[in-house]
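The domain 'Wax synthase' annotation in TrEMBL covers 255-335. Sequence annotations record features per position, and here TrEMBL assigns transmembrane segment to 31-59, 79-101, 219-238, 293-315, 327-347, 359-380.
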Amino acid sequence: MSWLADLIPSPDTRVPVTFESLTQLLLPTWLCCYVTAVLVLLPGTLYARLALLPVSLWFTFRTGTRLDLIVQYNDDRLLFINEALTLAMFTMALRCIIWTFQTKPLYRTIRADSEEPTSPKSYTICQVAADALELTNNARGIGWNWSKGLYIPEETRPTHSRIAFILSTIPYYLFSTIIFDSCHFAVQSFSPSTFGSGVGGTIFDSSLPPLQMYLRSTAITLLSGFTVCYNIQSLYYASTIISLTLPLGQTPEQWPPIFGAKPWSATSLSEFWSRKWHQLFRDLFVSVGYNPASYLFGHAAGVAAAFFVSTVLHVTGLWGMGRGGEFLCTAAFFMSNAFGIILERLWTKVTGRRVEGVWGNVWTLAWLLVSAQPLVDAWARTGMIGTMFFSEGARPVNLISRAVLGYNVWS
């Protein structure tokens, strides 16, 4: 595999953020993506998109493997920022691929599930520029014709007024941030000197009897799931507030809830992944994985392909931390969930009954908790659990503990 090592630069060869690195790597990468977005809005641009695609893929690869956003800080707890960079580059590459092979121009709609365009098909230059910018920043496709089939959770906040919507979002942001940091603190507290820090370490304590060891790893896995869920929600609510406060022309309808109500209440794996979990990467998994594989080999192959694309996406992000991509552990989680969804479909065909109800919920949670342990262990060993999202003084658990106890509970 020496050719692979030669193709993918070692993490220690990445360069810091400078004016030169930004203009040679990040800026042209974004411009390629933006130009592709412009072209996919216009008819008759297929050959131009095909010509641009290799350049776009090259720049996303170079930026993801050559740029280091936190080398100057020399702090292992900030490695997640590089993970976010490689994840962003990979998703950008996939979106460029999808847009390149789009047979019909994309356009904005009145509603996400509407087929009626909101503006004339003859674009003005300003419309093209604005819509392309919106397209590059729209993960779920809300308000676009390509989001057909997207599940949008029910909205409970007032959408008649932007100010009212922002004010009603603030409590959600604060609550999600506090719960996220509390769960993160709880996970780190299991082993502050190993995976609770940037050093990393396994969640499986071999010094304990097997039953205690797996009960401990299960508790860590459960808390890690809540950490991820509420972390994403916190970031999403913050983005909602910022995007609607700035003069970007966005409306509350473009920022519906990111998760279905109570993801842990899912009564099947199918419901969990299609309606309860966030759908930020749905189009990537469907367009690159499910659609071509299901067309060639059927539904089961499509499901497996979608989860394989998810595996590669998460491995790429994890690789960005500079400690390996942990492919086998990551694949163990996502591909086992694909297998579980296929089993549910087979169960329905054989018995005529859907997986649902109380026992469906037990099945779903048990499958997720068992299958996620190798993934969470990979996170722990690579130092992701030891990530520092807040400074010591601004960390929510410390702010609360200082107000109640008079001292920081974490440092």
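Positions of Cβ are set from backbone N, Cα and C atoms, glycine also.
Nobody curates TrEMBL annotations by hand; they come from automatic prediction.
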Legend entry - Non-local residues, at least 6 beyond the ends, that sit with Cβ under 8 Å of the transmembrane segment (327-347): 268-270, 273, 299-300, 303-304, 306-308, 310-311, 314-315, 318, 353-355, 367-368, 371-372, 374-375, 377-378
Inset, instruction - Write out how many residues of the domain 'Wax synthase' (255-335) are helix, how many strand and how many coil, based on DSSP. - result: 57 helix, 0 strand, 24 coil
Legend entry - Averaged pLDDT, computed only over the residues in the domain 'Wax synthase' (255-335): 95
